[in-house]
Protein chains: 4
Amino acid sequence: MKNTFGNQFSVTIFGESHGEAIGVVIDGLAAGIHLDMDFINAMMDKRKAKGRISTQRKESDALHIVSGYFEGYTTGTPLTILIENTNMRSGDYTKTKNRLRPSHADYTADVKYSGYQDYRGGGHFSGRITAPLVAAGAIAMQVLQQKGILIGSHIAQCHTIKDQPFAQEEELLEQQLRQMNTSDLAVLDETAAQAMRTQIEEAAMQGDSVGGILESAILHLPAGIGEPFFDSMESRLSHLLFSVPAVKGVEFGLGFAFCDRYGSEVNDAIIYDGKVKTRTNHNGGINGGISNGMPVLIKTVIKPTPSIYKEQDTIDKETHEAVKLTIQGRHDPAIIHRARIVVDAVLAIGILDMLMERSATMEMQK
Amino acid sequence: MKNTFGNQFSVTIFGESHGEAIGVVIDGLAAGIHLDMDFINAMMDKRKAKGRISTQRKESDALHIVSGYFEGYTTGTPLTILIENTNMRSGDYTKTKNRLRPSHADYTADVKYSGYQDYRGGGHFSGRITAPLVAAGAIAMQVLQQKGILIGSHIAQCHTIKDQPFAQEEELLEQQLRQMNTSDLAVLDETAAQAMRTQIEEAAMQGDSVGGILESAILHLPAGIGEPFFDSMESRLSHLLFSVPAVKGVEFGLGFAFCDRYGSEVNDAIIYDGKVKTRTNHNGGINGGISNGMPVLIKTVIKPTPSIYKEQDTIDKETHEAVKLTIQGRHDPAIIHRARIVVDAVLAIGILDMLMERSATMEMQK
Amino acid sequence: MKNTFGNQFSVTIFGESHGEAIGVVIDGLAAGIHLDMDFINAMMDKRKAKGRISTQRKESDALHIVSGYFEGYTTGTPLTILIENTNMRSGDYTKTKNRLRPSHADYTADVKYSGYQDYRGGGHFSGRITAPLVAAGAIAMQVLQQKGILIGSHIAQCHTIKDQPFAQEEELLEQQLRQMNTSDLAVLDETAAQAMRTQIEEAAMQGDSVGGILESAILHLPAGIGEPFFDSMESRLSHLLFSVPAVKGVEFGLGFAFCDRYGSEVNDAIIYDGKVKTRTNHNGGINGGISNGMPVLIKTVIKPTPSIYKEQDTIDKETHEAVKLTIQGRHDPAIIHRARIVVDAVLAIGILDMLMERSATMEMQK
Amino acid sequence: MKNTFGNQFSVTIFGESHGEAIGVVIDGLAAGIHLDMDFINAMMDKRKAKGRISTQRKESDALHIVSGYFEGYTTGTPLTILIENTNMRSGDYTKTKNRLRPSHADYTADVKYSGYQDYRGGGHFSGRITAPLVAAGAIAMQVLQQKGILIGSHIAQCHTIKDQPFAQEEELLEQQLRQMNTSDLAVLDETAAQAMRTQIEEAAMQGDSVGGILESAILHLPAGIGEPFFDSMESRLSHLLFSVPAVKGVEFGLGFAFCDRYGSEVNDAIIYDGKVKTRTNHNGGINGGISNGMPVLIKTVIKPTPSIYKEQDTIDKETHEAVKLTIQGRHDPAIIHRARIVVDAVLAIGILDMLMERSATMEMQK
């Protein structure tokens, strides 16, 4: 359903960038979960714009729980979180309201909503809508961590600068995940972060923007999660990932690099070492749409943010005249470091939902 | 839901490779549609194994409609299609039943289904299950064609051989789509087909397998299709694509190539030329999860089929002993040309479902 | 899904009686609908407690739209309405917190939510949660009225007092629907209203409560709405009706009175009078789960509100000791007149959703 | 979704009365369930027409499992059951094809499906479609019985003859459920059965038909099952019950008899007797939409079957001329005894699905 995802852990998001508030309703939470607000707020904080590599619009993003939470615990009924919109400068947008921003949803929203959409700041299409999604994801993440399941991402590539890849070895990978989460440009190799920062700042100075690739890992996920046929783990996770603004590609394991390899090179030999493992992990922890117990490995590409200060060619949506557009407002020269948190959030939502569905099936075997 | 996809055009698939029959229930079909069985069977036929580049298991794949069709027209009630399984050699599988085939779903199915799955020929995970899916997709395709919407794919790359990309220009692209569908190794440049064939046959001789990349295009789709937030066109189509066995990556437009480009390079300038268009189509016809009227462009990677004759390392699932496995049975050294049809089929299913959802919303404006 | 209903017109409700706010997210609204706030507020107002026949808790129920509405029109994105909780006296409840109120959800919520539910004022089970539902229903009603579809209910029976039934004749019935909606104890025969009022007040003086039966009619609904098999009109509407607190029975047309009649007596003879009609309407406008163009007629029983001042036998939920309970707080001696509006609201939601689904199917025939 | 029900235990039904086959796809079954075919066939057998009180169309209803079952156990993938249609006399129907049968779905189907429906024998609206539903319900029932949950119904009233009601006392009720299932006109008081049989036969001789009321009980269901707001137990079960052809009313506990009672009379006092119970069970085991551990009690009214031999007034659907109709073919003068099994089946499906959903939520608390 349009703005709702999840069969068991259901997340409904709402709001516009410059409306009164954005928010999320989470249905399916068990009762009695004490929310770790420090953890959740820390994740909210990481999504926020900071420093020179981000937009100058600073939001408090304070979470305001209006239902489903009582005396410090979830009640089991829908938990609703509101985030007020503040620090808006809608005036920035009205001037150029009729000039369709290239590679934005301006034109598509205009067709879909017959011109009635809230155009200010991208409205419902704004990256801002991911704030409540991160709140929901943080709650899912907290639940998963109590089960020992870890989820994390690093910036594998930002523009032309590559970070080192995740370690193949599970213990090393776990270490990497645990250490990385404190950084803003989360990378494994700090020298890469510095080079990325330089590129982003240079792009910003040119009034331009850059994109990148996130590598995500899900650790300690039990084997047997995911459903043929249409609810393969790849299907469910990609569905969520592609709902994140600016995501234009998703791959699992070797992904597109499978193309020119032989089956004999990339098949993952199965071994036994106290538990069933594979010698390599080209399939990214998933076979037949179902987790195999190895780390789930995902790559997601984030396109350069389409809001740039450079002059662009477009048309006036009413007159259809060709016009030049210089986008006003405050925007991010890069969003990959912020998208990283949104990616983690949706992965947590998807994984928790799938774990819950497995439990439903197991009811029958009790 | 597990084996059902689609809110309005709902497809439920069932069956195992070596069971009695596989099939599909299609719910949501309007009444009064005369099925063009020549068209549907032609599409079924293209999915079938042929020649030296495919498995030697030849199936008739005859469609047997058991409900929802009366006197040559759909009745509007669930249309059920059965395809009998014939030409099975289950004996091929029982010998190596306990040897987990690397990169197959043997182990994950075993965990998920506690050993009760039908292991013969991959059971429910077999590519064979895509036959009824193609039948459903062919019906969706027929409906879309009556609306003037065209869907087609070519093999953009098979192992190391690249085909030329789809034309940027819409009329040319339409021509390419219309011409290409007659070929088995569907490419735009016939010399590429020859080179691919050679590589596949060489791999086959080595007992090995190869993968590839499909490029798909959806033409004449109106702008305004797709839903924020979770039902973006990318989300829905990737959900379907990743349910196709062997798909490990999906990208839209430039996809992963967005990574090292500047926003100013890849933003698609908007122009007016009788209708609103973009000068380039780096976003693959989708902005903000919604179609913009330009061709929708998708790339899907198909991993090398994991069934190879070469000896592989694995374990016995009961004793956990390391064993050598030489997969018996008949398999495809490449499936990209067959997967192409399945990809077309699921794209048709997804697009039709989204068109129907748009009509539902428009009811409110009547 | 738990707190979400509707495939196309999706309503998600949240909140607890004594929490900060209750509300609703409506997804699937078309863009460009100007909300008639007078109409919506009038419907909200009718649901409110009034006079001596209702609780003394007076709420403002002011609707606060926080998303999906811009410059006086729906945007097509999720429309979120908040209603703040005010005039709460939570102290009333804490004293008797451990005494399970008979025929309330106290015990079942306690088991389901392991004691973590917000017990104050019934929490998520409070009739108060129907306020946002009425807001959503009023929006659906506005849309339906623009299509000429009318929905309305009267109190067919309150305790032992019966109102006259709806007219068989469609024009008369329409007149009845149009006139009745202004009254608080909405009946067709005003003398019945007076007698009902007297009974309710007498019950109130005894510290007791009464129930009743609502008769609802849906007029000018086109034939052909509803879906076999599981989405029959009766299935969808009863699903919604039984979600309204205190509803314990639903029937269509003759309902339970079908039991002792012969087929030949109750079959509705089909006639033609400019359009296809039935001479009688024992089936309440529905055959085979699909509307037949005649008025849809529904009866819904509302049990006496379980909150009474009379002393009752129950147990302490912790010690399991038998205790006497005298419920504190403010409650309604009858809720049938308030439930009437909620019933209208959910019928509007259900009918609009089904109309939208029909449009989805018709897309295929374009 | 139209012909699919269930979030976790999903049942998709298909087929037409005089088509080739009818059937069901069950998705969400755990692997490793050995189907008790004797139990399932016995339930199928009870649904079948028998003796003078039923239609003369005798069907074998042999279940043919074509997927999801391997070596005597469910595989965990979709289980598909086909039932061939045999002993059809389609000629019976073609003669009167244009004469709309009163109180049947002939007209509504004609509008909905624009005349393309399979009209023979009621097509998709035939009671025959309940055969695969009973097969699915029997499987659910088997799973529930292993959990100690019992479901059963008796004919509380057939035309004017009443059976005694279910015992209030749980042990007695269990005894009644266990004994009753062997009978064809399942009643608690055998003298009632004889009187019912006489009335049915008399109606049959008149070319007429009769209806009745089923009382159902669900025993040993744990407290805490069901979901506010829209997925109350009453909502889910009524949704299923109203999908059964000929059902026109559903009530829980006292149901419509709540109307003229005082709250103080009908509130169920809570007591403790080793476990939490209520002294009376006027609410039919459900409070706030959630099971309370007492027997769930439901009444369902079945209208007289509309197929009667008596001459009726109707119109020709093409000319709109008034015509007399004498329905040919073989039909049941009463279906209440057959509907009883369908009611049991859908209750089992609904209860199992809700139990599975509870397990999903509990995953979060592990």
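Placed from the backbone N, Cα and C atoms, the Cβ positions cover glycine too.
Secondary structure from DSSP puts B:Arg47 (NADP(+) binding site) in a helix. The feature NADP(+) binding site is assigned by TrEMBL to B:Arg47, B:Arg52.
TrEMBL lists B:His124, B:Phe125, B:Ser126, B:Gly288, B:Lys303, B:Pro304, B:Thr305, B:Pro306, B:Ser307, B:Arg330 with the feature FMN binding site. Same-chain residues at least 6 positions away in sequence with a Cβ under 8 Å from that of B:Lys303 (FMN binding site) are, in sequence order, B:Ser103, B:Gly211, B:Ala246, B:Val247, B:Lys248. DSSP classifies B:Lys303 (FMN binding site) as coil under the three-state reduction.
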Binding-site residues B:His124, B:Ser126, B:Ser307 vs B:Arg47 (NADP(+) binding site), shortest C-alpha separation belongs to B:Ser126
Filtering the binding-site residues B:His124, B:Ser126, B:Ser307 for a C-beta under 8 angstroms from chain D leaves B:His124
By a three-class reduction of DSSP, B:Ser126 (FMN binding site) is assigned coil
For the binding-site residues B:Arg47, B:His124, B:Ser126, proximity to chain A (Cβ under 8 Å) holds for B:His124
Close in space but at least six residues away in sequence, with Cβ under 8 Å from that of B:Thr305 (FMN binding site), the same-chain residues are B:Ser209, B:Gly211, B:Ala246, B:His331, B:Asp332, B:Pro333, B:Ala334, B:Ile335
In chain order, residues whose C-beta lies under 8 angstroms from the C-beta of B:Ser126 (FMN binding site), counting only those at least six residues away in the same chain, are B:Glu16, B:Ser17, B:Pro245
CB contacts under 8 angstroms to B:His124 (FMN binding site), restricted to the same chain and 6+ apart in sequence, sorted by sequence, are B:Gly15, B:Glu16, B:Ser17, B:Ala109, B:Gln117, B:Asp118
Expressed in angstrom and rounded to a whole number, the FMN site built from B:His124, B:Phe125, B:Ser126, B:Gly288, B:Lys303, B:Pro304, B:Thr305, B:Pro306, B:Ser307, B:Arg330 spans a maximum Cα-Cα distance of 44
